[in-house]
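Student: Pasting a structure below so you can have a look.
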Amino acid sequence: MAITRWFFSTNHKDIGTLYLVFGAWAGMVGTALSLLIRAELSQPGALLGDDQIYNVIVTAHAFVMIFFMVMPIMIGGFGNWLIPLMIGAPDMAFPRMNNMSFWLLPPSFLLLLASSGVEAGAGTGWTVYPPLAGNLAHAGASVDLTIFSLHLAGISSILGAINFITTIINMKPPAISQYQTPLFVWAVLVTAVLLLLSLPVLAAGITMLLTDRNLNTTFFDPAGGGDPILYQHLFWFFGHPEVYILILPGFGMISHIVAYYSGKKEPFGYMGMVWAMMAIGLLGFIVWAHHMFTVGMDVDTRAYFTSATMIIAIPTGVKVFSWLATLHGGSIKWETPLLWALGFIFLFTVGGLTGIVLANSSLDIVLHDTYYVVAHFHYVLSMGAVFAIMGAFVHWFPLFTGYTLHSTWTKIHFGIMFIGVNLTFFPQHFLGLAGMPRRYSDYPDAYTLWNTISSIGSLISLVAVIMFLFILWEAFAAKREVASIEMTSTNVEWLHGCPPPYHTFEEPAFVQVQAS
């Protein structure tokens, strides 16, 4: 197995594996950072030192989890592995560009880590707002390195998005219409369009910040006629679609898992699911200012962003109830991926409800920058995106490797993780309602109890992460090979066996279209 196989690979399966391994490694880095945060907050008083180092850790935690864990695993890992198999394509449309998309990520990660190692680090929060991110409050190279890191990650994602859009539109067998493709393919298509439209705006914003810092421009400096609010608009025009980019592939994976373990041949309301994802993608672009309710917008502007944000709950509700309808009347197979999917549906819905609370501009004025917001987005990320990733991983692991995971241990792992994340993030709702602000390393004694409980929860999650590594080791050590696969119309990716050959669909698949 020459090293060139991995460095120069143009094979979608190899590149998908690289993404999965990279994402798992980054996930462990991000978990370590989050444990530092929870250790600092486990009791009043200082542990790490000042708030600069604390905020550097918070900022790095966010960037690592978003750009180097969730996106590489969901889009790069599962997207690369599954989409060519699901649509019957021999590979991605641009296999060498696919390789470059991956190899831009390790240098990007390196730059992010370097930003923590020089000067005082980038303690700006992942939003990198000026004037805090300007060259007075953050002198030195830290923020500049962070900006370059984001540039590389952004280029990687844009190239990947172009690749997925081209592949999905161009590389299906002619007989298959777009409306016969699996929901995961649709999810990644919508995600790729969102990436393609939002990332250039982020690039513009952070490039202007870079020139403000180094070339004496004043895009975000009132002294020269600029406005820091402009940066917020540019950032959140990317930042809000970004959170849908993080969850949409998860929606696709959950649809597959729920349909498969319900014994159904298709998810309930396939077209409704497709339209819902497209509606979420569209609406995701016109609600960005709900992150900025505290900057002093007109009341009519606030009214618009409040109502537009609430409208997103409708297509989301369509998806949640369609998953429940898919489960209804099925012969349920109670295997671990379904447990993750059920956990996803329940906890994502809880996170969505707190999102509806925060959509109210008047309430958000009070709750903005408190732990209520932290609890909200960790419910949809730490229990939405991550649960979808875990469910998809235990579901498709036999496809990727040809080996099966130990079903009892994966169920125990699910139980530990479920307890851990809920114990970590549920109390944060109470902290937020009691007014505890985000991004501070210390707090008044009144907040001690819930913070201590939250930190204990984070340690339980750590146990789950370590157990997951053990489960992985056990599967590769025991080498239980997959005996047989139930083929239905919805799991075509398993057609070639486990694992599939290195090259699949080398000649176009024969597709028989049913006369309906």
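Glycine is treated like the rest: Cβ placed from N, Cα and C.
According to Swiss-Prot, the protein carries these features:
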TRANSMEM  12-40  transmembrane segment
BINDING   E40, G45, S441  Na(+) binding site
TOPO_DOM  41-50  topological domain 'Mitochondrial intermembrane'
TRANSMEM  51-86  transmembrane segment
TRANSMEM  95-117  transmembrane segment
TOPO_DOM  118-140  topological domain 'Mitochondrial intermembrane'
TRANSMEM  141-170  transmembrane segment
TRANSMEM  183-212  transmembrane segment
TOPO_DOM  213-227  topological domain 'Mitochondrial intermembrane'
TRANSMEM  228-261  transmembrane segment
BINDING   Y244  O2 binding site
TRANSMEM  270-286  transmembrane segment
TOPO_DOM  287-298  topological domain 'Mitochondrial intermembrane'
TRANSMEM  299-327  transmembrane segment
TRANSMEM  336-357  transmembrane segment
TOPO_DOM  358-370  topological domain 'Mitochondrial intermembrane'
BINDING   H368, D369  Mg(2+) binding site
TRANSMEM  371-400  transmembrane segment
BINDING   H376  heme a3 binding site
TRANSMEM  407-433  transmembrane segment
TOPO_DOM  434-446  topological domain 'Mitochondrial intermembrane'
TRANSMEM  447-478  transmembrane segment
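Show me how these features fit into the structure around them.
Tutor: Under the three-state DSSP scheme, E40 (Na(+) binding site) falls in the helix class.
For the transmembrane segment (51-86), same-chain residues at least 6 beyond its ends with a Cβ under 8 Å from one of its own Cβ atoms are 12-13, 15-17, 19-20, 22-24, 26-27, 29-30, 33-34, 36-37, 40, 92, 98, 101-102, 105, 108-109, 112-113, 116, 120-126, 146, 149-150, 153, 157, 160, 164, 167-168, 171, 181-182, 184-185, 188, 191-192, 242, 245-246, 249-250, 253, 381, 385-386, 388-389, 392, 396, 399-400, 439-441, 492-493, 495-496, 500, 504-505.
Tertiary proximity for the transmembrane segment (95-117) is limited to same-chain residues at least six positions away from its ends with a CB under 8 Å from its CB atoms, namely 7-12, 15, 18-19, 22, 26, 56, 60, 63-64, 67-68, 72, 76, 80, 141-146, 148-150, 152-153, 155-157, 159-160, 162-163.
Using a Cβ-Cβ cut-off under 8 Å and counting only residues 6 or more beyond its ends in the same chain, the transmembrane segment (141-170) has close neighbours at 59, 63, 67-68, 71, 75-76, 79, 83-84, 87, 89, 92-94, 97-98, 100-102, 104-105, 107-109, 111-112, 114-116, 118-122, 124, 128, 133, 178, 181, 185, 188-189, 191-193, 195-196, 199-200, 202-203, 206-207, 209-210, 213-214.
For the topological domain 'Mitochondrial intermembrane' (213-227), DSSP puts the residue distribution at 5 helix, 0 strand, 10 coil.
There are 21 other CB atoms within 10 A of the CB of Y244 (O2 binding site), with all protein chains counted.
With a threshold of 8 Å between CB atoms, the same-chain residues lying at least 6 positions outside the transmembrane segment (270-286) that come near it are 179, 183, 186-187, 190-191, 193-194, 197-198, 237, 240-241, 243-244, 248, 251-252, 255, 308, 311-312, 314-316, 318-319, 322.
The list of residues near the topological domain 'Mitochondrial intermembrane' (287-298) in space but at least 6 beyond its ends in sequence, with Cβ under 8 angstroms from a Cβ of it, reads 229, 232-233, 236-237, 239-240, 305-306, 308-309, 312, 358-359, 361, 364-365, 368-369.
If you look at the transmembrane segment (299-327), the same-chain residues 6 or more away from its ends with a CB under 8 A from one of its CBs are 251, 254-255, 258-259, 262, 264, 267-269, 272-273, 275-277, 279-280, 283-284, 286-287, 289-290, 293, 341, 345, 348-349, 352, 355-356, 359-361.
For the transmembrane segment (336-357), the list of distant contacts is 247, 250, 254, 257-258, 260-262, 309-310, 313, 316, 320, 323-324, 363, 367, 372, 375-380, 383-384, 387-388, 390-392, 394-395, 405, 407, 410-411, 413-414, 418, 421-422, 429: same-chain residues at least six beyond its ends, Cβ to Cβ under 8 Å.
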Student: Compute the mean position of the Cβ atoms of E40, G45, S441, which form the recorded Na(+) site, and then list in sequence order the other residues of that chain whose Cβ is within 8 Å of it.
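Tutor: Residues close to the Na(+) site, other than E40, G45, S441: L41, Q43, P44, A46, L47, L48, Y54, D442.
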Student: Where the distance is taken from Cα to Cα, which of the binding-site residues G45, H368, D369, H376 turns out closest to Y244 (O2 binding site)?
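Tutor: The answer is H376.
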Student: Helix, strand or coil by DSSP: which one applies to H376 (heme a3 binding site)?
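Tutor: The three-state answer is helix.
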Student: Around the C-beta of H376 (heme a3 binding site), how many further C-beta atoms are within 10 angstroms, looking at every protein chain?
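Tutor: The answer is 24.
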Student: Six or more residues out from either end of the topological domain 'Mitochondrial intermembrane' (41-50), which same-chain residues have a Cβ under 8 Å from its Cβ atoms?
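Tutor: Tertiary neighbours of the topological domain 'Mitochondrial intermembrane' (41-50) are 57, 441-445, 447-448, 451-452, 454-455.
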Student: Of all the binding-site residues given, E40, S441, which has the fewest Cβ neighbours within 10 Å once its own Cβ is left out?
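Tutor: Minimum Cβ neighbour count within 10 Å, taken over the binding-site residues E40, S441, occurs at S441.
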Student: Going by DSSP, is Y244 (O2 binding site) sitting in a helix, a strand, or coil?
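Tutor: Y244 (O2 binding site) sits in a helix per DSSP.
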